[in-house]
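Just below is one structure, and these are the notes that go with it.
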Amino acid sequence: MTPLVKELFDLHTDQAEPSVIDQTIRDNVRVVGTNLWVLFFAILVASVGLNVNSTAVVIGAMLISPLMGPIVGIGYGLGINDVDLLKLSLRNLGIFTALSIVTSTMYFAISPLDAIQPELLARTSPNLWDVLIAFFGGAAGIIALTRKSISNVVPGVAIATALMPPLCTAGFGIATGNWSFFFGAFFLYCINSVFIALATLLFVKIFHLPKHKFLDEITEKRTNMLIAVTAVLMIVPSGYLAFNLVQSTRFTQAVDAFVDGQDFNNEFLILAHEVRPQAREVVLTVGGVHFPTHLEDRLAQNLAGRGFAKSKVEVRYTGSNQVDINSLKTELTQSTYRNLVNQIESLSKENEQLTQQLASNSSLSEQTSSADKQLYKELLAQYPQIDSVTITRGDRFIHAKANKTPKQPINEQPNITANHNNTVIDAHSNQSEHSNPSDNIVQQTLTQVNIDSKRPLKNTDKQRITAWLDSKYEQSLLRVHFNSGDTEITEILQEADAQQNVSQEADTQQSH
């Protein structure tokens, strides 16, 4: 191995001091009030997540769970020959496990939701991949714990190894009396725990962390013997377990490959197949013209050729209604083709309708734009001081009671709001002070006209323009805004209008 490769993969470069590593692991092993309370609530969170089939909630529970501490402590204690730490870790892991199962059992016993969710089912059938995930996750975890800097690997390990969900699923099995759930989930939990501890033990040996010192040689030999026996009791069953899981996976894949590769030749059809990998049993459900006499032997020979000589194959024949399998295949193909053709025709019609609607909208938009342009020309001819006209259209939603009366004429009492240089006239103001939110909602078309002028318009001109616009837009609600940039002139004109109105009133009184 070249020096460059050694440098790239060297784990001792950023390794923390052995005393720091030792203290960190021992702190995580301890059972104190905080850890117990955190575990209690983490179990409840995970149970709720499994109960409602929420993956995000289950992941959150795994992040806050303190279960990794005692498991890493077991592997670390084995690696440094510390019997006291090993016993403490085993005891605390037992406490954590018992508390988790009791808590989850109590939750599922009182929960009104008893449906078996996919998140629960996923924790009842351990396989080879669970072994690999636990081992690789444990390796990543111990590497992260022995670094100088704080790493985000440990939370990822907690999620990947998934210690919490199997315990909650075991509690669900107890609460519902489903013992297959309990044993399957608890088996998965044991797999995760053992292989995390094994990975920790392996890397503690690789790191050459200082071993525990003993007062005398006899105690050291006795302790080493106990550690060796414990390690063997962990490794041998784990190896056997891993081998069985590999064989079960291979058996299932062999059966699936056989079923997928069958050419039925218009004689029979495999309707379903059930695989029991642990017992090496296969049950085939077959239908067709006659019973397939050689199917059982063919599958048994196929499995024997893959190393499963003692497999048991059972074929269940459902009978026959003289169904032509080739005709059935043809009908299915034709039915699929017809469905595709119908979907294409439907999409084509929708496309044509949308194209026609788009063309109609485009034509209407052109007509509206031309009419608006002509309207601006007419306004400009009568009022040269108008600088620009902006016309916008949109939908307005109101309660039904707020629109009891139809569109009002402009000469009845338009709503006029004047603020120096900005005047708003709502030609159709039909507002109700008492509206019920439960009433029906009415959609209306609203046209808004913004008129910008170089000089302020008189109020009489504004009323005249608004009435004229109202006649132009009879089919929609109308709102007119008058804007002028010259505030001072606006105020003078408004004052002049006011004085003129006062003089007219005085003349009227004198005439009377």
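Just so you know, glycine gets a Cβ as well, placed from its N, Cα and C.
Keep in mind that what you see is a predicted model, and the values were worked out from it rather than measured.
Feature annotation from TrEMBL assigns transmembrane segment to 31-50 (among others).
Counting same-chain residues at least six beyond the ends of the transmembrane segment (56-78), those with a Cβ under 8 angstroms from any Cβ of the stretch are 25-26, 28-30, 35, 38-39, 41-43, 45-46, 48-50, 84-86, 88-90, 92-93, 96, 100, 119, 138, 141-142, 145, 154-155, 157-159, 161-165, 193, 196-201, 204, 227, 230-231, 234. The transmembrane segment annotation in TrEMBL covers 56-78 (among others).
As annotated by TrEMBL, transmembrane segment applies to 90-108 (among others).
Residues annotated as transmembrane segment in TrEMBL: 128-146 (among others).
Within its own chain, the transmembrane segment (153-175) has Cβ neighbours under 8 Å at 42-43, 46-47, 50, 58-59, 61-63, 65, 67-68, 71, 97, 100-109, 119-120, 122-124, 133-134, 136-138, 140-141, 143-145, 181-186, 188-189, 192-193, 196, counting only residues six or more beyond its boundaries. Under the heading transmembrane segment, TrEMBL lists 153-175 (among others).
Tertiary proximity for the transmembrane segment (181-204) is limited to same-chain residues at least six positions away from its ends with a CB under 8 Å from its CB atoms, namely 68, 71-72, 74-76, 78-80, 93, 97, 120, 123-126, 130-131, 133-139, 141-143, 146, 161-163, 165-167, 169-170, 172-174, 231, 234-235, 237-238, 241. Annotation source TrEMBL lists transmembrane segment at 181-204 (among others).
Long-range contacts of the transmembrane segment (225-243) within the same chain: residues 78, 81, 83, 86, 128, 131, 191, 194-195, 197-198, 201, each at least 6 residues beyond the stretch ends and with a Cβ under 8 Å from a Cβ of the stretch. Sequence annotations record features per position, and here TrEMBL assigns transmembrane segment to 225-243 (among others).
Per TrEMBL, coiled coil is recorded for 337-364. Mean pLDDT, taken over the coiled coil (337-364), works out to 81 on the 0 to 100 scale.
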**OP:** Using a Cβ-Cβ cut-off of under 8 Å, list the residues of the same chain that are 6+ residues beyond the ends of the transmembrane segment (128-146) and lie near it.
**Re:** 11, 15-16, 21, 24-25, 68, 71-72, 75-76, 153-154, 156-157, 160-162, 188, 191-200, 202-204, 207, 241-242, 245-246, 248-249
